[in-house]
Amino acid sequence: MLYDQIARNKRRTIYVLIGFVILVLAIGAAIGYVFFDSYVGGLILALVFAGVYGAIMIGNSTNIVMSMNHGHEITKEEQAPELWHIVEDMALVARVPMPRVFIIDDPSPNAFATGNNPQHAAVAATSGILERLNREELEGVMGHEMTHVRNYDIRLQTIALALAAAITGMVNLAGNFFWWGGGSRRSSNDNDNGGVLQIVMLVLSIVLVILGPIAATMAQMALSRNREYLADAGSVELTRNPQGLISALQKISTSEPMKEADPSSAALYISDPMKKKKSLTHLFDTHPPLEERVERLEKM
Amino acid sequence: MIAGIIAAVVVVLLVIVYISAYNGLIKGRTYVQESWSQIDVQLKRRNDLIPNLIETVKGYSHYEQSTLEKVVGLRSQLINGPADDHQKTMAVSDQLSNSLKSIFAVSEAYPDLKADKEYVKLMEELTNTENKIAYSRQLYNSSVASFNMKIQSFPSNIVASIHHFKISEYLQVPEEEKATPKVSFDK
């Protein structure tokens, strides 16, 4: 079961990356056509962009995600003995290397894991979670995070997050071109301007129309709520103590929203840090409802 | 000719199956040994921490001399006991865990001891060690389970009997630990 999940996650990561490359090439071609009258130029530009961005992301995702969420790394166990020891315990039973440990200064209790693979993983906990949870509860939470690490959930989620950020960035970039670059280049030819604007608008809207659902699908794939149930189950497998995780989840979900969390990273956290009002259908929730998680844990 | 090719393919396949079964068994055995050494490291660590604990708490009169003596006795039993008798070692270790628990329980009565920085640090160290012993025992038993399964299931059971792999014994888990699996001295 575990190996199925790992294989599925690795496969999905590749799909997401292929989807991203195709998307970037399409956008590059569109931008190239509109602004430089050349598909090829745009394609090359897009390839370079995707390559550089991909390299930075894969090499540095942990640091990027941690700085987005204002986490600071602890490197000595004296800095947070209890957290450090619990992470050590969980890494021991999960048979994964000790991940890097980060603390986010935020009174709201929450935690997440990120990284490219179990050898380059990191876990983060808020200062609030360290204060409010007892040892057993914190073990449950870290067991959940270590399961994400072991299952390669962290790679898929982190890459999906970075790609979603890149797409947003590109759409913004295209918008800037539209205002500053696109208009001025053709300004010598006033008759044509309206037509170009129309084309630009058309292309932009097409791009947005295409981007929207793709981004949503990617989010869906990465955020699949099933992953959270699996991680809850994995946590119990490691700690053999469902009660710890149950009371941790209850404490976390009844607390105030986080201030330091980055909204686009919300899906990484063990429980939604934004505390959004639940939609009726649960279609766009990043996390399964608490009652459902507790119910499943109680059955174990 | 064709028969020859088929025979060659079958032989190559058999060799591959044999090698991978053998490597799987070796890996399983390494995991079992590795997880025992995890337990061993923690037992040693605890043995190192106990003199500090005794030193810290002996000034407080409510600590019955007999409890402290028992801890010291069990500790030396662990140090001098036969290293390869895992069941015996763990049985002594469990007794030691229980005696330590009663020492911690008494400390509840001393606010100034509980506020002592050194004592708090020692407490976290010992809690950590107790938990790591429990977790590495869990890891040991799950490693033994998967190793034994490999030894008994086809086709690796054939390879196992050729190379004399023996099934390993589980470490007994004390009854009270089955109910509440982890030691948590704090809060």
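Note: Cβ is positioned from N, Cα and C throughout, glycine not excepted.
Annotated transmembrane segment per TrEMBL: A:12-33 (among others), in sequence order.
Remote same-chain residues near the transmembrane segment (A:39-58) are listed as 17, 20-21, 24-25, 27-33, 64, 116, 159, 162, 166 (criterion: CB distance under 8 Å, separation of at least six residues from the stretch ends). Among the features that TrEMBL reports, transmembrane segment is placed at A:39-58 (among others).
The domain 'Peptidase M48' annotation in TrEMBL covers A:79-299.
Marked as Zn(2+) binding site by TrEMBL: A:His144, A:His148, A:Glu228. When other Cβ atoms within 10 Å of the Cβ of A:His144 (Zn(2+) binding site) are tallied across all protein chains shown, the result is 28.
The annotation active site is assigned in TrEMBL to A:Glu145. The Cβ of A:Glu145 (active site) has 30 other Cβ atoms within 10 Å, all protein chains considered.
For A:159-179 (among others), the entry in TrEMBL reads transmembrane segment.
What TrEMBL records for A:199-219 (among others) is transmembrane segment.
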Residues close to Zn(2+) site centre defined by A:His144, A:His148, A:Glu228, Cβ within 8 Å: A:Ala113, A:Glu145, A:Thr147, A:Asp153, A:Arg227, A:Leu230, A:Ala231, A:Asp232, A:Gly234, A:Ser235, A:Ile270
Site of maximum Cβ density within 10 Å, from binding-site residues A:His148, A:Glu228: A:His148
Inter-residue Cα distance where the pair is A:Glu228 (Zn(2+) binding site) and A:Glu145 (active site), in Å: 10
